[in-house]
Amino acid sequence: MRIAMIGTGYVGLVTGTCFAETGNDVICVDCDAEKIRLLQAGGCPIYEPGLEELLQRNIAAGRLRFTTDLPSAVRWAKLIFIAVGTPSRDDGSVDLSALWAVVEEMAPHLAEDAIVVIKSTAPVGTNAAVTARLRELTGRSVDVATNPEFLKEGAAVEDFMKPDRVVVGARREEVLEILWDLYQPYLRTDKPLLFMSPESAEMTKYAANAMLATKISFINEIAAICERTGADINDVRRGIGHDSRIGFAFLFPGVGYGGSCFPKDVRALAAVARAHDVTPRILEATHQVNEHQKGILLRKIREHFGGALSDKTIAIWGLSFKPGTDDIREAPSLVLIDGLLQHGAALRVYDPEAMDNVRKRYGNRLTYCQHRDEALDDADALVIVTEWKQFVHPDFDEMKRRLKRPVIFDGRNIYNPHRMKDLGFTYYSIGRPPVRP
Ligand SMILES: NC(=O)c1ccc[n+]([C@@H]2O[C@H](COP(=O)([O-])OP(=O)(O)OC[C@H]3O[C@@H](n4cnc5c(N)ncnc54)[C@H](O)[C@@H]3O)[C@@H](O)[C@H]2O)c1
Ligand SMILES: O=c1ccn([C@@H]2O[C@H](COP(=O)(O)OP(=O)(O)O[C@H]3O[C@H](CO)[C@@H](O)[C@H](O)[C@H]3O)[C@@H](O)[C@H]2O)c(=O)[nH]1
């Protein structure tokens, strides 16, 4: 199948590469000329486990190409996926300007039998609006399907190759058949392709993200109650997770959800609800709890040091919004860094992949450390924001030698409080009472 992927970001690049892997001819398009130049030169603009190897293999096989020339790519392709960003506006509603720019630019170049597939997350009604606009621009009826993407960053290739399900919203059976054929290699076990209306497909994407975000805000609220009452959230989490009606997934307490999806999609669905006279009480609560949660580490740090931080040096481990990615969009680490800087603290930071992105944002206001342990040198405390695997088993003796004081604020509950107490640390975590040596 000849596929044009318009928008070569986290989703477009992973999706395009994975389509090439099953033998399709794919051309990835982006208006960012620098990104395309890097990809054409064999580089990879993002960190995503397994992606680079897959990219190289498919480029070498001649199945995967990159261009800024949207018209030529559209003329050549049978399937045209749109995977551009759909960010939030200030009021929480979705900014679809990139998607509309693509629709306007592609229209004159669409082949007679081309199918447009919206992969970007876009609110209910977008498919109908794009269909109507393409009819105006081309003077004929163009097939427009909605095929939301459910991959997670840090596990994007794995998620795309082995999806729990594929959702296709389309108005004609023939379109479904073509997309079924495309996705069949990824659905070889018992995983379904679910066919529905474009409206239901659009809602499914938002409902899935809102449900997952709500679980996280729920457990973070329970963690806050645990902390005040002497209960341990980790025991409570296990106590409820074993109930098969509840399960364990997405019930890890932490520093709030970040990333380019949950924050914006919860707000976007709330905006859609309000626009249709539905009061989105749960969605608003989910968002508010999360905003509050992003401040939890700063509150604990200030309380520990009695408010003043201007003579303190804080070490931070983990800057990306989750492990396995270099992405810092809406990362809780940024809220913490902004707060600590505002209170005058000096910061020594380390992340295995996200340092370049953080450096672009903060310049020389932070000290960037090459190695995990280097960040600890002469710091008054260590703060763990992202649970990268390499933070789980540090040398605690070395940690104590390097830190000015043996104090840890753990935003991801990666250590056992009893052990930390025995090792001589003052240890704060989420939803568990603090321990002191
Ligand atoms: N990141 C994820 O994990 C994820 C997962 C599922 C769904 N989504 C959704 O997928 C969409 C894309 O997300 P992303 O994280 O890949 O975004 P991204 O910002 O990483 O990538 C978007 C790309 O589109 C390009 N672009 C913008 N306007 C363009 C135009 N007119 N022509 C060509 N290229 C253009 C940008 O230069 C950028 O490279 C969003 O709607 C998002 O909500 C994201
Ligand atoms: O139990 C948990 C699980 C996650 N998180 C946080 O939630 C955020 C999002 O994590 P995750 O969902 O793993 O990554 P994303 O790449 O944002 O993926 C989400 O958003 C994508 C974009 O829409 C969807 O495609 C995915 O299905 C959906 O999981 C991160 O900050 C995590 O630290 C928690 O705090 N506790």
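The backbone N, Cα and C atoms fix where each Cβ goes, glycine too.
All annotation found in TrEMBL is predicted automatically rather than curated by experts.
According to TrEMBL, the residue from LYS78, LYS322, LYS360 that belongs to the substrate site alongside PHE150, LEU151, LYS152, GLU153, LYS205, PHE250, LEU251, PHE252, PRO253, GLY254, GLY258 is LYS322.
Checking the candidates THR86, THR229, THR286 against TrEMBL: the one annotated together with ASP30, LYS35, THR121, GLU153, LYS264, ARG329 at the NAD(+) site is THR86. Considering only the binding-site residues PHE150, LYS152, LYS205, PRO253, GLY258, the residues lying within 10 A of ARG329 (NAD(+) binding site) on a C-alpha to C-alpha basis are GLY258.
The DSSP breakdown of the domain 'UDP-glucose/GDP-mannose dehydrogenase C-terminal' (315-417), given as helix, strand and coil counts, is 37 helix, 18 strand, 48 coil. Here CYS261 (active site, nucleophile) is positioned 18 angstrom away from PRO253 (substrate binding site), judged by their C-alpha atoms.
For ASP30 (NAD(+) binding site), the nearest of the recorded positions LYS205, LEU251, CYS261 in terms of C-alpha separation is CYS261. Among the binding-site residues LYS205, LYS264, ARG329, the residue whose Cβ has the fewest other Cβ atoms within 10 Å is ARG329.
Considering only the recorded positions LYS205, LEU251, CYS261, the residue whose Cα is spatially closest to the Cα of GLU153 (NAD(+) binding site) is CYS261. When every Cα pair among ASP30, LYS35, THR86, THR121, GLU153, LYS264, ARG329 is compared, the largest distance found for this NAD(+) site is 24 Å.
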